[in-house]
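Copied from TrEMBL, the annotated features are:
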- H115: active site, pros-phosphohistidine intermediate (ACT_SITE)
- K9, F57, R85, T91, R102, N112: ATP binding site (BINDING)
- 1-138: domain 'Nucleoside diphosphate kinase-like' (DOMAIN)
Amino acid sequence: MERTFVMIKPDGVKRGLIGTILQRYEQKGLRIIQARLMKVSRVLAEKHYQEHRSKPFFPELIDYITSGPVFAMVLEGNKAVSTVRLLNGATKVEDALPGTIRGDFAISTTENLVHGSDSAESAEREISLWFPDAFTSSSSASDCL
Ligand code: RTP
Ligand code: MG
């Protein structure tokens, strides 16, 4: 079993796609371990996307991610990291295939609805960044399942 950090970005929340997107992850067999609708501070957004800080699209990316609430979550399942990336689809809008979340619903490379950690190491870093209490048993929703 593996855990990954997943986020429905502000365009997904604004367009009322939380339920539709969650259904795809759940139908695939991934389990929700943590979930939170939250406004993202610039500090958190910049830490999350630190690998892209020197890219030309970085300012636009930070403006976008902080433009409204996101639905942040931790999903668990067999090969959760790569499974979520497969369901999300390619980053570039013209490469995102029908059948993927981006391919079916996104029309922009920046506003592409969803994020999924790109490796087990990224997942660990991102889960502790977005859910700093997730490792204390008293705050873990998975204890209730
Ligand atoms: P994410 O991190 O959000 O899951 O997306 P990703 O791995 O598929 O793509 P990544 O290369 O990490 O890029 C992070 C996010 O930056 C925006 N982006 N804009 N305008 C552009 O050329 C461009 N390239 C990337 C997208 O929102 C992308 O998801
Ligand atoms: Mg990425």
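Glycine is treated like the rest: Cβ placed from N, Cα and C.
As the structure is a computational prediction, the values presented were derived from the model and not from experiment.
Structure coloured by features recorded in TrEMBL.
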residue	record	Cβ contacts under 8 Å, 6 or more apart
K9	ATP binding site	Y64, I65, V70, E111, N112, L113, V114, H115
F57	ATP binding site	T110
R85	ATP binding site	G116, D118
T91	ATP binding site	R102, T109, N112
**OP:** Using CB under 6 Å from any atom of ligand 1, narrow the recorded positions F57, R85, T91, R102, N112, H115 to the ones that qualify.
**Re:** F57, T91, N112, H115
Subject >> Helix, strand and coil residues within the domain 'Nucleoside diphosphate kinase-like' (1-138) as assigned by DSSP >> reply: 64 helix, 28 strand, 46 coil
**OP:** Tell me the Cβ neighbour count for R102 (ATP binding site), meaning other Cβ atoms within 10 Å of its Cβ, over all protein chains shown.
**Re:** 23
